[in-house]
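Note sheet for the following structure.
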Amino acid sequence: MSTAKKDYKRITVKSLIEMKANQEKISMLTAYDYTMAKIVDGAGVDVILVGDSASNVMAGHETTLPITLDQMIYHASSVIRAINRALVVVDLPFGSYQSDPKEALRSAIRIMKESGGHAVKMEGGKEIKESIKRILNAGIPVMGHLGLTPQSIYKFGTYTVRAKEEEEAQKLKEDALMLQKAGCFALVLEKVPAKLAKEVAQSLTIPVIGIGAGNGVDGQVLVTHDMLGMTHEFHPRFLRRYLDLYTEMTNAFTQYVTDVKAVDFPSDEEQY
Ligand code: KIV
């Protein structure tokens, strides 16, 4: 049974703003490949994020910094081929938009043209305001990302909760308002106190999608591999695991090894 308030055949940036106005929560998950995206889209998830977390999840890097624009385009175009309904948002990777607005626009255009993605996501506030405006002026929808912004991990030094102190909370509120005024269609808030996230969500007309930001926001996002329990060594407080795929997959692979060694697989029925 669907719990959606309105049956959207195709999610657009306008649908998300409408969902917020109708107090319908927005669901968002990551995907980096065709097969996963097909399942996520088919399950009715509103927004698929081709996150630069692919750098960790798919490539095994410690941070999101190493992933390149070409690699993001490869992941995004695989996801786009699977989609019937979801809005596909693609992260602009580290190094593809920070130096100047022209470079930012060139990177965003490459994502839109070469992958077919529907929007881009960028980390940061007023420091990247001109780049955001330039991209928006070209007709490319932008989702903001504030709070814990993993592309700045070496500046923060840790992945702990952001904006607990008044000064940082104040800057975050100003940045959120700036992103809305600039024309962003939505905003991700990562790992900030629930009270602050709720206040930001209530002060904006654009949707605020949280990860580790409590339930007073307009939607939730998780990394799919985390919520499926595939990345079992990662267990922050905000993560709800819907499956324990690490254990289930390990059991399946172990059984396969046993069956092959015992010449139990393939059976008579499994051969020509
Ligand atoms: O890259 C990513 O997966 C993200 C989410 C954590 C929001 O940015």
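Each Cβ is built from the backbone N, Cα and C atoms, and glycine gets one as well.
The candidate list Asp7, Asp91, Asp175, Asp218 contains one residue that TrEMBL assigns to the Mg(2+) site with Asp52, Glu123, namely Asp91. Counted within 10 Å of its Cβ, the other Cβ atoms near Lys121 (3-methyl-2-oxobutanoate binding site) come to 22, all protein chains included.
Note: Glu190 (active site, proton acceptor) has non-local neighbours His145, Leu146, Gly147, Leu148, Thr149, Pro150, Arg162, Gly210, Ile211, Gly212, Ala213, i.e. same-chain residues 6+ apart with C-beta under 8 A of its own C-beta. Neighbour counts of Cβ atoms within 10 Å were compared across the binding-site residues Asp52, Asp91, Glu123; the minimum falls on Glu123. As a whole number, the greatest separation of Cα atoms within the 3-methyl-2-oxobutanoate-binding residue list Asp52, Ser53, Asp91, Lys121 is 12 Å. When the alpha carbons of Glu123 (Mg(2+) binding site) and Asp91 (3-methyl-2-oxobutanoate binding site) are compared, the span between them is 9 angstrom.
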